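Report on the structure given below.
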Amino acid sequence: MASAFSAFRVSLSRISPFRDTRFSYPATLALAHTKRIMCNSSHSVSPSPSPSDFSSSSSSSSSSPSTFSLMETSENARWRPMCLYYTHGKCTKMDDPAHLEIFNHDCSKELRVAAADLERKKSQEFNFFLVIDLEGKVEILEFPILIVDAKTMEVVDLFHRFVRPTKMSEQAINKYIEGKYGELGVDRVWHDTAIPFKQVVEEFEVWLAEHDLWDKDTDWGLNDAAFVTCGNWDIKTKIPEQCVVSNINLPPYFMEWINLKDVYLNFYGREARGMVSMMRQCGIKLMGSHHLGIDDTKNITRVVQRMLSEGAVLKLTARRSKSNMRNVEFLFKNRIK
């Protein structure tokens, strides 16, 4: 499987956008979203204390934030929001210079790492990490995932879908989306692209299979990969709840995961209750719109890259019981509760 990822690539470049005028990203939406992002990006964060490596060599893993060069590359001089039609394969503006100037169509550029960042990276138990951060409290509204190569720390590909609730009235959905995504300026793209969770799962499984990360004959887990979450809620609670609502079985690859909060606690010796506090403690600037799932997933990925570059080993922190999948075993004695 590793040979499939021997060269860095982002598979979204293979997508042929649909030629449908419904999916033309309006300039007013672009400006609203960009303005929101510029406001969010202005938050500064404090430098990170020296980490304490729980695995073996705590003294060798301490560093100042300036040694991590992810956000210092020229590509990040002017951060741009992702074209959310493009992430769904529905961008019709790929030949429009003005659109390409405003929107990013390749998140790998803003998440690149330098060769120096690999110097202290340790061998990992998995070859790939799938960073996921769901959005939606009543039902799942957004399902974003980034693949991170554990060896190179590069982003290999992304999967992003907006999810249409199945048990809510149209009136309730409209009110929900206006409140959730309206203030971020992406409510229209949500309505244009959202699909039912069952269809999201079907498309996600095709995507996993294309990357040799899962096959239908496997009854447990992923192939040499692990999900990374910021908390247990996404996979422990929300996905099973959504499967019940959508009347589908819980997919067998959602049986174990890495809660980054627990790894962070044991590696650095300090608590971080969420993504923002992790970034603040590590001296990483918040980019994009907080609570837009794709942006949060990218920010969590940046924390993952930082931790890997400083010598952290990302191990499984939770696993479902095979005899009763409602029961979850937490694998770290020292964990965030």
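Just so it is clear, glycine is given a Cβ too, placed from its N, Cα and C backbone atoms.
Among the features that Swiss-Prot reports, region 'Disordered' is placed at 42-68.
Summarising the annotation, Swiss-Prot assigns compositional bias 'Low complexity' to 42-66.
Summarising the annotation, Swiss-Prot assigns domain 'Exonuclease' to 129-304.
The Mg(2+) 1 binding site annotation in Swiss-Prot covers D133, E135, D296. For D296 (Mg(2+) 1 binding site), the same-chain residues lying six or more positions away in sequence with a CB closer than 8 A to its CB are D133, E135, P144, C230, M275, G288, H290.
Positions annotated as Mg(2+) 2 binding site by Swiss-Prot, on the basis of similarity to another entry: D133, D234. Around D133 (Mg(2+) 1 binding site), taking its Cβ as the centre, 26 other Cβ atoms fall within 10 Å, counting all chains.
Under the heading AMP binding site, Swiss-Prot lists E135, H291. E135 (Mg(2+) 1 binding site) carries a strand DSSP state (E or B).
The feature active site, proton acceptor is assigned by Swiss-Prot to E135 (among others). In the shown protein chains, 21 other C-beta atoms lie within 10 A of the C-beta of E135 (Mg(2+) 1 binding site).
In the three-state DSSP reading, H291 (AMP binding site) counts as coil. Taken from Swiss-Prot, the feature active site, proton acceptor covers H291 (among others), and the record attributes it to sequence analysis.
Cα spacing between H291 (AMP binding site) and D234 (Mg(2+) 2 binding site): 14 Å, rounded to the nearest whole number. The Cβ neighbour count for H291 (AMP binding site), using a 10 Å radius over every protein chain in view, is 15.
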